[in-house]
Each structure stands twice: as structure tokens, then as C-alpha cells.
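As recorded in TrEMBL:
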type	residues	note
DOMAIN	B:20-446	domain 'DUF112'
TRANSMEM	B:20-49	transmembrane segment
TRANSMEM	B:61-79	transmembrane segment
TRANSMEM	B:116-140	transmembrane segment
TRANSMEM	B:177-195	transmembrane segment
TRANSMEM	B:207-225	transmembrane segment
TRANSMEM	B:266-289	transmembrane segment
TRANSMEM	B:326-350	transmembrane segment
TRANSMEM	B:362-384	transmembrane segment
TRANSMEM	B:396-415	transmembrane segment
TRANSMEM	B:421-450	transmembrane segment
TRANSMEM	B:471-495	transmembrane segment
Amino acid sequence: MGLGEVFLLLLFSNKEGSTLQTGKFDRYASILFALLGAAFLIESRNISKSAYGSEVGPNVFPFLLGLILILLSVKLFLESFKNIQKEKKNTESLQIKRFIIILTASLLYAGFIETLGYILSTFLFLYVSFQAMERGSWIKNGIIALAFSFFVYFLFVVVLEGSLPGMPIWFS
Amino acid sequence: MGVMDFLMQGFQTAIQPQNLFFAFIGVLIGTAVGVLPGIGPMSGVALLIPVTATFTSGMDPSAAATSSIILLAGVYYGAMYGGSTTSILLNTPGESSSVVTTLDGYQMARQGRAGAALSIAAIGSFFAGIVSIIGLVLLADPLSEMALKFGPAEYFSLMLLGLAAVSGLAGGSITKAWMMTVTGLLIATIGIDAVSGVARFTYDIPVLFGGLEFLTVAVGLFALGEVFKTILHKEEDAEKVAKVGRVLPSRADLKESAGPIARGSFLGFFIGVLPGAGATLASFFSYIAEKKISKNPEKFGKGAIAGVAAPESANNAASGGAMIPLLTLGIPGSGTTAILMGALIMYNVQPGPLLFSDHPDVAWGLIASMFIGNLMLLILNMPLVKVFAKIIETPAKYLLPIIIAISVFGVYAVQVTTFDLFLLIGFGLAGYLLAQNDYPIAPLVLGLVLGPMIENNMRRALTTSNGDFMVFVQQPISAFFLVCAVLWILIPFVLRLKGKNVVVNVEG
């Protein structure tokens, strides 16, 4: 029983990941990462090269890293073609609808937390998300959402004397 | 002062009421994190950093750092205890380091011996925890003494070795792992440069001057990424939870598992000390080692108690061993320790050789609290295992939105800008997409944490050498680290060329 077996065991135990074929995604991702690297590379030239307190200026490190990221992206781009034929159609159905609802709710939550106040925005976010996950009793979901919002606010603001946006602006 | 004096002082710190409380909360939440499938130790620790930051906001910085790290480390090793529970009762590992435990643990549960399996896992974890803390106590001083002699060139090379180790062992594609590492390092350059005071990539946007906050990135990538994944993918139909039954192991069980526990502890500890190899690898190695030396290997996979005792001891010992490079060298060897390091840096406590001389209360307080925490875990996990088994039944429809709400609360409470909230959601989406396509996330976080230090040490070394890059290979210790780093990359590459499968996925 050698190392080979250990690695095989690890390979098979790994439910998702290593056996995944991700050719298409990799190709787009490699382009994106190359652009990211290029952006850092080009923008690093605008950083002052003055090396006050150091022989090497603040532009060198990001410049080198940007270059390495571009090279790695090229490597991944080439590798992605090897995987493409083996690509299998993903049969698993994704729960797109509830994901979109919760994602939108999260973005609105982040955007309105300061105007609506912590308690109200948290309650609304949780209530919508609970219903999106699984339509259920509105009383029970409402109570849990309300209890969480009040509990966190009470613990943080009243007990620990931290600061969170309180009531809506037009309310106070 | 000898090691024992420091340890005694550490205990004085650890038994202060608030620290006992923090250790208890840490191990309690850690066990819950381990039990809940879908939340691993990494997202658990990341999620709790802002929460502990708010809890400790009124204390002085050093005491706050001590209390926080005690809690966060408790979550880390507590998760190793809890992970076995679902493996045994549900055949679903709570985190990746308990995958092998399902092989024999679930079989034992089907034979009505779930209680014995759970208690042996707890006893083994306890023993392994103690072994690894003793190792930590013994190695801490000599290692940090040695590391104190390192100059910037040595540090640069050592950190490069750390990055190479983690990237080399993370996931299927080494290219992807390195891309993640470099992206992390690049993100770390945003903000005011610490050496020259020049603003980089900030475009005069005020929120960017401080750089992208580590906390926001880590919570987004790990916690939100996992939540988004669970929301998108239909959860499997809940399996029936096996009955726990009699909790205390029989005398025969104890006798049979004493050897595996001892061997698993030592093996796990040494694997844990190595950067890159983590608790997952340790549990696999110890399982295979036990199977190999067993007199009746055919019993493995059919409910052999050694198949539960060895890996569960090993993963816990590895989590203790992983604290050694973090505390003594300041080099995290895994994703979870990188997050712990980020937390320490948030409190202005720099892990590394100076930690033991500058902040002995933090270092030794943490070590002493790990003794106490392990004892608490043993007590918690033996009689209360039935209570924890109930946590498995927490409905996902409440859990997932609440995790999002806790992430938002935590990030907002610490950062107080909505910019960070949008960043959090953005990184959550990125984390989901990247993890889903086999891009390991731990190297990115590691790069983010180590980035500023690598850059500073590189520039300091180059300043002393007048810009000559040869300085890194001319210093013998630095050259040695670089050779190790290169070997770490080359050996898997050569093995792969020879047609061997070298895919190792570590929990990070």
C-alpha cells in the first residue's frame, strides 16, 4: 500500500472538485484573470517609482504579480482545451428562482440598511428569504425574523453599546 | 523563565472568567459548526471574527486579542470533534476531515454501536488534542528562537515556501491554485503601501485607502460562497439519523482503540505541522496506516472501531499541530490558520517568533486555553452528544438566510460602510463560482494575508542588497527554503508526468 493508494482514496472520497470538468468556465475565467493581471500590470506603471526608504519602489511587486497572473492565465487557457471534450452536461437542476430572490434581497438589504435602520431591514430581508427558501406559515417565519432582528440589535446596541443604524430616518 | 513558568502564566490568563467563557463559547460553536454539514471550520471561524470583535470591543487591545483568539481557535478544534457526529450518525461528513470516519463510523451506527463510536471519537480527539498541545509547548520556544535569527531574505523565502505548500496541495489543478494565490497577493496590494506611503490602485476613492478588508473578503468567499451554493443546489432528502444508544464505550472497545488513538495522534500531529498538509490528509493517512498494521484488515469498512479512533484522533492532532508554524513562524499552513492569522493581525498582534516575547499573554494564554477547551469538549461531547445530534435537524430554510444576516451584521458592525456589504456579496458570488469550478479558495486568502509581509520582506532584503535579487539564493537558509519550495512544486509535477494520480484536496 503506497502513496498511490492514499491519493486514489482522496480522489474518490472527494465528492466534487477534482473530477469536475470545467473547460468552458476555465476559458472565460482565464481571459478574465489575464485582464485582471493586465490591469494591475498597466496601472502599476502609474505608481510613483520613488524608492524612498527602499531600493525597490512600490510599483515592482504588483508589476511582477500582474505578469505572473497573465502567464498563469495563458497556461490555464491552453489547459482548458484538454478538458473540453470530456465535458459532461450538468444534469443537476439549479434552484435559480430562489437564488435570484435571495441575492436581490441581500443587495437591497445592503443598500437600504442605513436608510431603513437595522431592525426593519433585517426583518424584511429575513422574511423574504425564509419565504423564498420554502413557502411557509407567514406568522412563524415573521416571528423568527423579528426575533432575530430584535435580539441582535438588543445584544449589540443595548448590552454591548455598539452602534447600528436604529430606526428609519423619517421615523425618528 | 522556563517553559513551565510561561505555561503557568498562560493558565492564569486562560482561567480568567471572561476567557473561560470565550473558550466555552468557542468550543460550543465549533462543535455545532462541525455537526452542521455545509459550514466548515473555515467559514465558521471567518463568520465569528466580526462577532468576537464586537464582543471584545471594550477591552484593552492585548486582552481583546487573547480572548478573541481563544474563542476562534476553540471553533477550529471544536469543529474537529463535531465533524465525527454526522459522519457516524448520518453517513454525511460535517467537514472534509471526517470523510474517512464515515467508512467505519456509519457501519458501527447501523450495528447499534453509534454511542460507542461517538464516545471513542471524543476520547481519541481529547487525547490527540493534549498530545498536540504538549508538542506545541515543547516546540514553541526552540522554533521561535531559531526564527528570531531570520532576516528579511529568509522570511521572504519561508513565506514563499508556505504559499508553495498550500498551493501545491490544494485541489485538482496546480495552475488554478497558483492563480488564486497570485490574485490574493494582488488584491493585497490595493491601498496605501506600508513602506513608502504611496497609494496604490485607490483612484482617490476613500474606502480603498485602507485596502480591501481581509475580514470582508474571507467571510464573503467562505461563508457566503457556501450559503449561495446550498441555496442553488437542491439539498438531498434528509436521511434518517441513527439512534445514538449507549454512550459509554465497553472495556473491549477501549482496549481495541488505545493503539490507534496513540498512533493517530502522533501521525496527525506531524502532518499538521507541515504546511499545506492538513487535518484531511492526516485522517486519511492514519486510517490507511491502521488498516495496514491491523491483524484483521478485513474488518475495516465493516465497523472496526480502530477505523473511527485513528482518523478522529489524527484530524484533531493535526489541527493542534497546524498552530505551531502559525504561532512560532508566523506562517499559516492552511486556510483556517490563515484566517486565524488575519484575526490576530486585526488586533495588531503579529504572529511569529516575536509573539512569544512581545505578547506572551496571547501566545501562552491560547496554549493553556487549548488544554481547558479540550477538556470542555470531552465533557460536552460525551453526555451531550444526543443534544448535538439534534442540531443536524436544523432546517436549512432558516439557517441559510440567518447566516447571510450574521455575515452582513458582522461586516457592517466592524467596517460601518455599505461599500463593504456590496463587496461581501460580490466575493460571496465569486467564492461560489470559483469553488464550483475547482478553484481552491484557501490559497487566495493565504495570499491576501501574507501579501503585505512578503512584499515588505522582499523590499527590505533587496534594499540591503542594493536591488540584487541574488540575495535570496546567497543566504544559505533562504536558499534552502527556496529549494524546498521548488521541490514542492516539481515533485507532484514529475509524479504526474509518470502517470500517477496526485490529486490531494485539503480542507485548508
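Using N, Cα and C of the backbone, Cβ positions are placed for all residues, glycine too.
Most Cβ pairs under 8 Å with the transmembrane segment (B:326-350) belong to B:20-49, among the candidate stretches B:20-49, B:116-140, B:362-384, B:396-415, B:471-495. Within its own chain, the transmembrane segment (B:207-225) has Cβ neighbours under 8 Å at 39-40, 42-43, 46-47, 49-50, 187-188, 190-192, 199, 201, 335, 339, 342, 345-346, 403-404, 407, 410-411, 414-415, 417, 419-420, 423-432, 434-435, 441, 444-445, 448-449, counting only residues six or more beyond its boundaries.
Simply put, out of B:20-49, B:177-195, B:266-289, B:20-49 has the most Cβ pairs sitting under 8 Å from the transmembrane segment (B:362-384). Taking Cβ pairs closer than 8 Å, the transmembrane segment (B:61-79) reaches residues 13-14, 18-19, 22-31, 33-34, 40-41, 44-45, 48-49, 52-53, 55, 94-95, 129, 316, 319-320, 323, 336, 339-340, 343-344, 347-349, 359, 361-362, 365-366, 369-370, 373-374, 377 in its own chain, all 6 or more past its ends. Residues of the same chain lying 6 or more positions beyond the ends of the transmembrane segment (B:421-450) and with a Cβ under 8 Å from any Cβ of it are 42, 159, 162-163, 166-167, 170-173, 176-185, 187-188, 212-214, 216-229, 232, 331-332, 334-335, 338-339, 341-342, 345, 407-408, 411-412, 505-506, 508. The stretch with the most CB contacts under 8 Å to the transmembrane segment (B:20-49), chosen from B:177-195, B:266-289, B:396-415, is B:396-415. Annotation: stretch B:116-140 has the most Cβ pairs under 8 Å to the transmembrane segment (B:266-289), among B:116-140, B:177-195, B:396-415. Long-range contacts of the transmembrane segment (B:396-415) within its own chain (CB-CB distance under 8 A, at least 6 residues past either end) are made by residues 36, 38-39, 47, 49-51, 53-54, 213, 215-216, 219-220, 223-224, 227, 230-231, 235, 421, 424, 428.
For the transmembrane segment (B:177-195), the residues of the chain that approach it from at least six positions outside its boundaries are 163, 166-168, 170-171, 201-202, 208-212, 217, 434, 439-441, 443-452, 454-456, 459, judged by C-beta separation under 8 angstroms. On the 0 to 100 pLDDT scale, the model's mean across the domain 'DUF112' (B:20-446) is 86.
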